[in-house]
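Asker: Have a look at this one.
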Amino acid sequence: MGASHSTVSDPHRFAVAITGSDDDVRSLQAHPTKSYDYIVVGGGTAGCVLASRLSEDSRVNVLLVEAGYSNHGVTNSIIPLAFPMLMKSKYDWNYETVGMAGINGRTSYWPRGRLLGGTSSINGSMYHRCAPEDFSAWVEEGAKGWEYENMKPYFRKAEGYNPHPDHPNIDPALHGTVGPAKVTHGPIAFLSQPITKDILQSSINVGIRQVHDFNTDVGPTGVGLFARNVFPNGTRVSAATGYLTPSVLARPNLTVAVECMAEKIVLSSDEKVPRAKGLIFSTSRDGQRFYVPASKELILSSGVIGTPQVLMLSGIGPAAELAKHNIPVVRDLPVGEYLQDHFSPGPMLIRAKKGTWDFILRPLGGLLAMVKWFFFGKGPLSSLSVQVACFVRSDDKTFAHPQLPMHDGAKKYQVKDCCSGPTAPDIELFFAPFLAPPLGMKYWPFPGLTSGMLLLKPASYGTVKLASRNAWDYPLIDPNYLSHESDIALSIMGMRLLARIARTKPFADSLDLPEDSDDKTSVFWPTDCNPDTVSDDDLEAWARLHGQSTGHPTSSARMGGSPSTSVVDSKLKVHGVEGLRVCDASCFPTQVSGHPAAVVVAVAERAADLIKGVA
C-alpha cells in the first residue's frame, strides 16, 4: 500500500477494516471512520479531473482511490517519447484479450495505465478532440445535452494552449489558454522536417486535403500534424500532472490513495431504490479488506475494463452473467456490452533513405537525445511518436483508382457506414519517423518509419465479462475484432491507401522501396507491395495475422436513454441506482473518431459540473 507523494499511506487513516460480512451495510456503517462526501473510484484520466474539480469546493471532502501506483518519480512517464518503456511494466495493467476468430484465434495485448493519471500517463500524448459529429451521434443514442456545442466549452476549459511559430496557421482563439491540460503544436523536430513535409505533400497529392488544426469546429478529416499534451519544459502532461498539482494535493479536503483495489460498491438493500453507500477495497489479493462510506455519491472512473468489472461484482450487470458467478442481481443492465476498440491491421514498416529518428535507438544517439531533453526540454524525446496523420472517409474519392478501385474490398464485403456524420472520418493513417524494432532486436541497421491505420468506427462490438468473483482476477475481454465484414473491407482499403501514399512523390523519393514484393513473410511487405496489384485476399490475410489493439477502448458501460441498451443516463447516473455515477471512456455512447484521451478529460470536466449542479 502506498500513496501519492503528498497524501495517504495507511488505509486505516481513511477507512475501516472489515471483520464481518461485507453485505451487512448497517454493520459496516456502525464503525467510526472518516466521512467523505464524494468517493472517486479510479485515479485515471477521468478520475484525476474529477478529484481536482470536486475538491475546489472546500465545503466537501473528496477521496480518490487508485488501484495502481503513484505517478511521482516515474521517469519514463515524464518523457513523452519514452512511453513504450512503460508497456508491460508494473505501471501497465498488461491486459490480454481472449482469442478471437477474426484474428486467427490470437489474443491481443491491451495496455492500460496502472498509476495516477491512468492511460494518460503512458499513452502517446496526442491531443485530439475527435470529430464534432461524434457528439451528435451521442445525442442520437439518448445522451441528451452532450452535443458538441455543449462539449466545446469543456475542451476549452481543459486546454492551456501554447502557440508556436512553426504553426502560424493555428488560430489560438479557437482554444482555451489557461486550462490544466497544456497543449501545443510544435516545434516540428528539425531532423524529421523534410520527411514530415514529404508525407504531408504526398497525402495532398493523392487527394487528401490539408488540415492545419485537427481540433476545430470543422473537424479532423484531412492530413495534418497532431497537437500534443506536453508542458513547455518538454515533459508529459497527464491527467495527474495537469490536474493533481502540488497545490491541489495540498487541499485539506482531498485525500488521494493509491494501491487500493476496488472490490465492490456497497449498495443499500432496505430502500425502494438501491443507493450506493460506500466502497470496499483491498491492498493485496489475500490482504485485509476495508470499507469507506460516501455520504453524497460514488463516481466510478476505473476505466473501460475496471468500471464494468466493479459494477458486476456489485450486482449491477446482465442477470445471466451475474448468475454464472452467484452474484445477486441488484440491477439488470447491459454492463460490459457494446465494447468497441480501434482495430489496427498491425504496423506497416517502411525503409527510408534518410530523415528519421532511428538514431535515438542506438546508444550514442539515445544519450545525446536524453541530454538535449534533460537540459533543454527539447529534441525527439519531447515530441510525439506520431508526427503526421490522415483522417479520411471510406467513401472519399481518394479511394478511387482507375486500375483497381479501392472499393474492391466492398465487392466481397459489404461496407457499413458507421461514420458519426457526413464529414466525420472512419479511417486514420499515421506515420512515425522511426522503425519500431521487433521483440528481441534493439534497432534496425537502416533508417525507416512505422506507419499504420486505425479503424475508427468499427461495426464490430465486443464484451467485458467476469472471470470470477475476485476483483484481483482480470476480466475476460473480447473486442470481437473483424467479426463484421465492413471492418475487414475498411482495413483493406486503409492499408491500400497507406501503401499508395508511400509510393507517391515526394514521399516516395525519401523511401527505399522495391518495385514490388510478394514476400508476405517480410515485416515490410504491406508497404513493399504494389498497392495497385496486391489482392484484397492478401491484405485481409495480413490483417488477420498481425491485427492488434491501438489502446482506444470505449463504451462498456455506455450512456443512453434506455436501461435496456445503456448503463447510465445523460447525467451519468447508473439507471435505477441512487448515488452512483460512471465517468470514463466506458460511458461513451459510441466510439469516437480519433484518439479519446482529450474527450475523456472533457467528459470529466462536464461531469464535475453535473455533480455540482451547475451544468
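Backbone N, Cα and C define each Cβ position, glycine as well.
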Asker: From Ala82, Ala143, Ala585, grab the residue that Swiss-Prot records in the same FAD site as Thr45, Ala46, Glu66, Ala67, Asn123, Gly124, Ser125, Met126, Pro596, Ala597.
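Answerer: FAD site check in Swiss-Prot: besides Thr45, Ala46, Glu66, Ala67, Asn123, Gly124, Ser125, Met126, Pro596, Ala597, the record includes Ala585 out of Ala82, Ala143, Ala585.
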Asker: Measuring Cα to Cα, tell me the gap between Ser125 (FAD binding site) and His552 (active site, proton acceptor) in whole angstrom.
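Answerer: Between the Cα atoms of Ser125 (FAD binding site) and His552 (active site, proton acceptor), the distance comes to 13 Å.
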Asker: What is the maximum Cα to Cα distance, in Å and rounded to a whole number, among the residues Thr45, Ala46, Glu66, Ala67, Asn123, Gly124, Ser125, Met126, Ala585, Pro596, Ala597 annotated as binding FAD?
Answerer: 25
Asker: If I take the alpha carbons of Thr45 (FAD binding site) and His552 (active site, proton acceptor), what is the distance between them in whole Å?
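Answerer: Just about 13 Å between their Cα atoms.
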Asker: So if I measure Cβ to Cβ from Ala597 (FAD binding site) and keep only same-chain residues at least 6 apart in sequence, which ones fall under 8 Å?
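Answerer: The list for Ala597 (FAD binding site) reads Thr45, Thr119, Ser120, Asn123, Met126, Tyr127, His128, Asn229, given in order along the sequence.
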Asker: In whole Å, how far is Ala585 (FAD binding site) from His552 (active site, proton acceptor) when you measure between their Cα atoms?
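Answerer: Pair distance, Cα basis, whole Å: 9 Å.
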Asker: Among Thr45, Ser125, all listed as binding-site residues, which has the most CB atoms within 10 Å of its CB?
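Answerer: By the 10 Å Cβ neighbour count, Thr45 comes out on top.
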